[in-house]
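S.K.: Pasting in a structure now, in structure tokens, and then I'll have a few things to ask.
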């Protein structure tokens, strides 16, 4: 909790009032923060300079405003007109006096708020310079520069780690030295993107400035760090206080329309290098070596990505690249299993029996709905049974076990890679650095006594208020989950209703008709329902995203990490139910509770429950996964690529009249698209949903890792192209890891073992086939002399007597098909005339016992391997641990030595002065 001590605030307000009166000491320039104010109080007192009282904003007359300067014609310049002060941030607003729709009262209030805000920025040491737009004179660009003193002050406040001395630890050579020629081809050319020099670092302290590696003041804080510090100030400076409610921060000003945009600058154009020789051209290098299609086979320049965009974006691309590399192994195994099924489909005995005219062609199946559905021959499902042989094979079982182990290897090795990045990017102790969100600080109105420090501190709400907020937020999330479940029920009702329609429309087609050969009522129902389900998923996603943000804002998390983790859990819980509910229905509920023809089970008392094909629902689950994964990938690419490109194209079309004019860097960046408030949140969400499809239902679709691999290879370059060419530069942010997405992936990995075991046991037909092969094809239950799959179809289809229909009018609604006395249906029940007719037979209980045994054995086997792997592979490698401990030791040693040197030097000066003073006192007495 942020602690605010009243006595020190009064001192600070006194200083602020002195500044406002113009009584500024000559020894301290106005734009420099007060040197005697402790840096630990800067954060607490941020925003107190101009507006410190209640009352009308318009009463403030002595605002300090930036000076207007004309554009100097240097389109690549990143500096003020003086060519010395670097532009760290740009604010854009529309001049109210030149607006076409001039609402005088509203415009005047907006102008006064903006003036107050800019005046406060100046009073906090930032330097501002305003320039009118070259293409549109209504737009004004306010360029923000942070002087050295401000950067040092807030670097200490934010606990930013900065270089102490060059790192002298040697990197060990790779164990795969013989493959260096291959890795060199895939790596970025070091002559183009030079490796970053490594340093020992420590949190910056102004009173230890001499300990830090300051060769050049202008280069000590890199552009990303400068922008981060300036944004920290912009987010916390107030512009109005009304009725004890503080209004502050650039985000709120942008949302209310007072400013149109706020962003740091790209350093150059992406297609060519800057004319300024001092420009590092990092954007150009990123486009050439990372975002360009010709670099699709190369490794990502992660250090440059991190340097230019910050650790948060760097860790995302590091994770996505590592995930894609691991998918390569899964894709190879998945393709091998698919090819195994494809090449062995001709040896699939039960599919041959379905297609055989003397077996499947003579088996009459019972109607699958009431009144309108006909009897049908089993061989009309011939094509679907052939396709099912590809996916429902022994290779699928092997692949499901492999994926259970693969996902554990991926997560464990990613933890090790993440630990290496934490060390290399100085985010090992990031949690200690993170400050409270400005929205949280503004609501800290309740004063309580800290039990540990016994000092006053402010919190946003009481314990009762916190419980109330949590309850309301949980209720809102639960309501939306129920809404998704309602939509799934609606899809089920659609399936049940439209199946009757398709059965009626296709009933007169001959079994050999090309249309009916590939489009059965079950297939038509499945495809249309999957498409409608996908559309509903995307609509609910769009609505819930806004609702989730509103709920999280109401919850008021303390830090940005807490905010993102809370939003992540809400969004993923919703998306999990939204995307996967239809797949869970097909895999574990469809065709499981249908009764039998004489006593069917009805949904909502009206609709007869769906049945699976004679081969099971596995092929339908594969169809559902293909449509959702493919549709999602296409939709996301449209959103991520086409929309920003079209928006920028439209913007360039509107500006074509002024295209002959030279525009400055800040105006070029302004016309790019904003990234959005949540930044990479949707990118993570997209990948985690894909990760769920790859792991949860992979037993039904072995090609899912291959599709994911191809998508991710394109996704990395599309995201890179989007960031470097279509979007404004993001504010660099720190991040230690991928946040709440890590435990979410671990939860998916655990659940995936259960789902894949249950898909093989209950959705596929593998267990019934194995039971038949080993138990019911030979005596005492079978008639064959050796183990065989011959007769499997006939053995697994039960017999029903048409005369036993409860409603005799439904017995044979289509007399043109013949007067059938019996029909077959998919179940394991005794035939009519048996003492226990239509009860489950001994085959059914053997199959149930085998399914349950299989699930238990498979789960325990995979979980045992998973836990062993997790135990055997440490989260942090021994090499990385040694580096962290070595750096910590050397850093502490260096700081201690420098401190001792300073103390020795100071003591020497004091001793000399004491000796001199003693000499001066004794000399007159001796004389």
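Heads up, the Cβ atoms here are built off N, Cα and C, so glycines get one too.
Curation does not apply to TrEMBL; its annotations are automatic.
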S.K.: Labelled transmembrane segment by TrEMBL, one stretch among 842-863, 864-885, 886-907. Can you tell me which?
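M.R.: That would be 842-863, per the transmembrane segment entry in TrEMBL.
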S.K.: In TrEMBL, which of 316-343, 344-371, 428-455 is tagged transmembrane segment?
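M.R.: Spelled out, TrEMBL records transmembrane segment over residues 316-343, not the other listed ranges.
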S.K.: From the ranges 476-503, 616-643, 644-671, grab the one TrEMBL calls transmembrane segment.
M.R.: 476-503
S.K.: Among 286-304, 457-475, 552-570, 571-589, find the range that TrEMBL records as transmembrane segment.
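M.R.: My reading of TrEMBL: the transmembrane segment range is 571-589.
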S.K.: Against which stretches of its own chain does the transmembrane segment (744-764) lie, if we need a Cβ under 8 Å and a gap of at least six residues from its ends?
M.R.: 392, 396-397, 400, 403-404, 407-408, 411, 568-569, 572, 586-588, 592, 616-618, 621, 688, 691-692, 695-700, 851-852, 854-855, 858-859, 862-863, 866
S.K.: Where among 394-414, 523-544, 571-589, 842-863 do we find the most Cβ pairs under 8 Å to the transmembrane segment (687-710)?
M.R.: 394-414
S.K.: Can you check how the pLDDT averages out over the domain 'Anoctamin dimerisation' (79-302)?
M.R.: 84
